[in-house]
Amino acid sequence: MMSKYPLLGMTLIELQSLVKRLGMPGFAAKQIASWLYDKKVTSIDEMTNLSLKYRELLKQNYEVGAEAPVEEMRSVDGTVKYLYPVGENHFVESVYIPDDERATLCISSQVGCKMNCKFCMTGKQGYSANLTAHQIINQIHSLPERDKLTNVVMMGMGEPLDNLEEVLKALDILTGSYGYAWSPKRITVSTVGLRKGLRRFIEESDCHLAISLHSPVTAQRAELMPAEKAFSITEMVELLKNYDFSKQRRLSFEYIVFKGLNDSQVYAKELLKLLRGLDCRMNLIRFHSIPGVALEGADMDTMTRFRDYLTTHGLFTTIRASRGEDIFAACGMLSTAKQEENNKS
């Protein structure tokens, strides 16, 4: 039996093309979008302002396509990690992070990752597949706590700019008036920085941008992050200087502080020199140990001194709270054990 195509994850333009192809009236595209993204239905039968004839026509080859998570793990700090199926024998993880008045969902954009960053478990898993816009949006649509969400960060498994077409479609659905109608200020996309995709992302999306930096020294960054060899951080900064981040859109840099590696004042000074002239902020992140990686995280005193030095010299810097470490849901720790099981079987 042929599987049906999901409506979830279709942009308004795609829905308009679909209804035209099926001989439905043009206004049906916005009606379907409203059912999917505003009313968040799970079946075509619920789309009651479409005639029975058109609902039956849609159901011949299409379905909403909502897929609930198949597993969940709960941390002592309230963080919840969800496992979603994304095609045959493929899975991704999303992390729900409640925090007082805010609730953030960290979503994935790929199964695995090609970037092979030294400090990241997803990179150790290798790359398997790009997620479709449907599979990206489903992580939000099918989240049990969906109605509590205030923010989405694309900082889960995968490199978003390596799957730019589907990521941009998902962002269009999240921010478009026909879709979830979220302000772009509620969404942050994190990237190692790919030459091919960075400029296009900045020009086609208004969402916040976070750059994985981790070292201001080219040779050291290349050792930690092979992507540096293709597009250096100095080139990236020069490109970023062509754009205005002084208004509502935020540019931030992510910096894991490693013990004895990049945690001295020398590195803080290099960061200030590298980022001079950019309207940006710095997020310091504690390293979470992963198997087979001989790196250690700096202690909190060192991180605090590092933060204070940057802040007093004009670079607004915060230390990101570490959440979900006990369930392997913290930064750099996402890697689906389920995927590994299937790969071995």
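Cβ atoms are placed via backbone N, Cα and C, with glycine included.
Quick look at what Swiss-Prot lists:
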- GLU93: active site, proton acceptor (ACT_SITE)
- CYS331: active site, S-methylcysteine intermediate (ACT_SITE)
- CYS113, CYS117, CYS120: [4Fe-4S] cluster binding site (BINDING)
- GLY158, GLU159, SER190, SER212, LEU213, HIS214, HIS288: S-adenosyl-L-methionine binding site (BINDING)
- CYS106-CYS331: disulfide bond (DISULFID)
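Sequence features annotated in Swiss-Prot and their locations in the structure.
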residue : record                               : DSSP (3 states)
CYS106  : disulfide bond                       : strand
CYS113  : [4Fe-4S] cluster binding site        : coil
CYS120  : [4Fe-4S] cluster binding site        : coil
GLY158  : S-adenosyl-L-methionine binding site : coil
SER190  : S-adenosyl-L-methionine binding site : strand
SER212  : S-adenosyl-L-methionine binding site : strand
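Compared over the binding-site residues CYS113, CYS117, the count of CB atoms lying within 10 A of a residue's CB peaks at CYS113. CYS120 ([4Fe-4S] cluster binding site) sits 12 Å from GLU159 (S-adenosyl-L-methionine binding site), taking the CA atoms of both as reference points.
For the pair formed by HIS214 (S-adenosyl-L-methionine binding site) and CYS113 ([4Fe-4S] cluster binding site), distance between Cα atoms is given as 18 Å, rounded to the nearest Å. When the Cα positions of GLY158, GLU159, SER190, SER212, LEU213, HIS214, HIS288 are compared pair by pair, the longest gap among these S-adenosyl-L-methionine-binding residues is 19 Å. Comparing HIS288 (S-adenosyl-L-methionine binding site) with CYS117 ([4Fe-4S] cluster binding site), their Cα atoms are 14 Å apart once rounded.
Here the candidates are the recorded positions CYS106, CYS113, CYS117, and by Cα distance the one nearest LEU213 (S-adenosyl-L-methionine binding site) turns out to be CYS117. For the pair CYS113 ([4Fe-4S] cluster binding site) and GLU159 (S-adenosyl-L-methionine binding site), the C-alpha distance works out to 6 angstrom. Across the structure, CYS117 ([4Fe-4S] cluster binding site) and SER212 (S-adenosyl-L-methionine binding site) place their CA atoms 10 angstrom apart. According to DSSP, HIS288 (S-adenosyl-L-methionine binding site) is assigned to coil rather than to any helix or strand.
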